[in-house]
Amino acid sequence: MAKIRVYELAKELNISSKELITLLEEEFSVEVKNHMSAIEDEDADLIKELLSGKEKSEKTKEEDDEIETTAKNPIKESINNKKSNKRDDKKEKVNTENAEDMGIITMTSDTITVKEISDKLEKSYAEVIKELMLMGVMASVNQEINFEMAEKLAAKFDMEILKEDEDEEEDLEDILKDNEEEEHLQKRSPIITVMGHVDHGKTSLLDAIRKSKVTSTEAGGITQHIGAYTVELNGEAITFLDTPGHAAFTAMRARGAQVTDIVILVVAADDGIMPQTQEAISHCKAANVPLIVAINKIDRPGANIDKVKQELTEYGLVAEDWGGDTICVPVSAHTKEGIDDLLEMILLSSEILELKANPNRKAKGTVVEAKLDKGRGAVATLLIQNGTLRVGDSIVVGSTYGRIRAMFNDKGRNIKSAGPSTPVEILGLSEVPEAGDKFYQVKDEKTARGIADKRKEKIRDEYLQSTHKVSLEDLYNQIQEGTVKELGLIVKADVQGSVEALKQSLEKLSTEEVKVRVIHGGVGAINETDVTLATASNGIILGFNVRPDNNAIIASERDGVDIKTYRVIYDAIEDIKSAMLGMLEPEFKEVVIGTAEVRQVYKISSVGTIAGAYVQTGKLARNAGARVIRDGIVIFESELASLKRFKDDAKEVAQGYECGLSIEKFNDIKEGDIIECFIMEEIKKKTL
């Protein structure tokens, strides 16, 4: 049912909002908070009838009084009436104009300067400052006053001031809604991202697709790299995001931008599944995006397609010709063999997905990439996901905004409009947005600016309140509050056997309240990619006999990702189980106080092995624990047996200095080893 705001109805009835609120409460028992509240149309019609009835009765009474007076002195009164009627008409006309002109002045923020409100009220600065002084407020032209003060000030000049609460954001919510009626939806082309291991031919495959489908009439093909492009097969378009690699894919997903419909997983026929291929598979599964496997380099002598298919089955991907549902297409980027088959499979998969959009609505989509061009200003590549975008439209992009001055397609041609699944490069934004930011078309540039300003304020507030990620210590509380329905884990170990054993044991811990899911498992040190995946999935990283590298530590501290390392699998399982049951009560916290690199090794018969080391970070302390890390894997854990600076014993050695050290019960130190020094710090018990 339609609704009308209180101030709109008051304006229509030519009465103040306060009078209307009083009338609603007394006559109709309708409670309203303020002038921005909305009431049903039925109530509005009743109020109109009531007021029109009162006006008629008052008018009848006035006419009766007028007839009575006229009867007493008809000639004189008729002359006076003519004059007064003219005056009244004139007065009524002025009042009507004033009522229309008064309108509603608005504030978009919590404060407004004296200069701005003076301009809105169309009063001189002196008049406004004088009124403020009478209200006990001393303010200069450039000083700000709050909304309550502005409201009182406006009332002094018979004006009404409103605060635009979340109207623009409400408009955006309407744009965000995808519950389109079926009759308005039309088929759209699929959006594809290419992923896979380094040197498996991702870029070569993209180039092969692009070159084979760009016609000779396009003056050498694509003249401008905009981060995405469209190719055609049998009259149907396919949009490729030219951002090979899973880093961009995950970074965009971490920002909430799900733009990809299908992922092409490139696997070299002569190399098989590699670590980055595993990560790409994990990313696709976590994002719940269908994938097509392109087995590349089939022209190479050592190509073995069946071996690749066999390895894929280990990750739950069974080829169609082996009785599964994973599409595998043998291709060669070098000879162009299988390119058309791959494109046909993409179109077939998109038909099954039934991808649709409504071109006859306000546009929305995602930023693929953006940059600052010296000659053109902020330049952004947008992928339109719904609606139609036109030159001249005003858009909000993340916390920036703008009016589209020019728009180019993937061939570098100037275009006036673009529909769903189309990549375009635009000019006209106030600032450079970030990849993954969503954009929405709004009614005008003023609205766009207002929304962008509010978003900047929100970002500032959110920055002050750090994002609360999942950690083992507060997992039980979050489960009880219902904020965690699924616990995502990234498992890294020194050998594959440990990864598999742990995955199986952890997934058995799932309960009705929370499901435990291992998003990714791999061998080797914990790296920045693992942290990025954990950030995107709001997961926890578990390491066994492995340590995080420096980049991973920095990223985890920045993003608030919890990294737990263990020596025994049983300890990890017990920790997760205890956290889920609310029994985890940590008593000690391990604090790494410094690291040193072994530069030289000396063997002394009576003493053992002495390492000459350089302290890279923090400090080394004599009574602290010590780990020997080789190629990112912990090979021994003990404590420092001795620590010397030149020939003297030292309690500690600071960063930037060299020292001599030995590890308790360990002599197999080698050059290049990293010695990690740590202490166990007692912390207060947490009640979960």
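Here the Cβ of each residue, glycine as well, is placed from N, Cα and C on the backbone.
According to Swiss-Prot, the region 'Disordered' annotation covers 50-95.
Marked as compositional bias 'Basic and acidic residues' by Swiss-Prot: 50-62 (among others).
Sequence annotations record features per position, and here Swiss-Prot assigns compositional bias 'Low complexity' to 72-82.
Swiss-Prot lists 86-95 (among others) with the feature compositional bias 'Basic and acidic residues'.
Look at Swiss-Prot and you will find 187-354 tagged as domain 'tr-type G'.
In the region 'G1' (196-203), helix, strand and coil residues by DSSP number 2 helix, 1 strand, 5 coil. Residues or ranges marked as region 'G1' in Swiss-Prot (evidence: similarity to another entry): 196-203.
For LYS202 (GTP binding site), the number of other Cβ atoms no farther than 10 Å from its own Cβ, over all displayed protein chains, is 22. Residues annotated as GTP binding site in Swiss-Prot, with sequence analysis given as evidence: 196-203, 242-246, 296-299.
According to Swiss-Prot, the region 'G2' annotation covers 221-225, on the basis of similarity to another entry.
Per Swiss-Prot, the feature region 'G3' maps to 242-245; the stated evidence is similarity to another entry.
Residue counts for the region 'G4' (296-299) under DSSP, helix first, then strand, then coil, are 0 helix, 1 strand, 3 coil. As annotated by Swiss-Prot, region 'G4' applies to 296-299.
A count of other CB atoms within 10 A of each Cβ picks out GLY196 as the most crowded of the binding-site residues GLY196, ASP199, ILE298.
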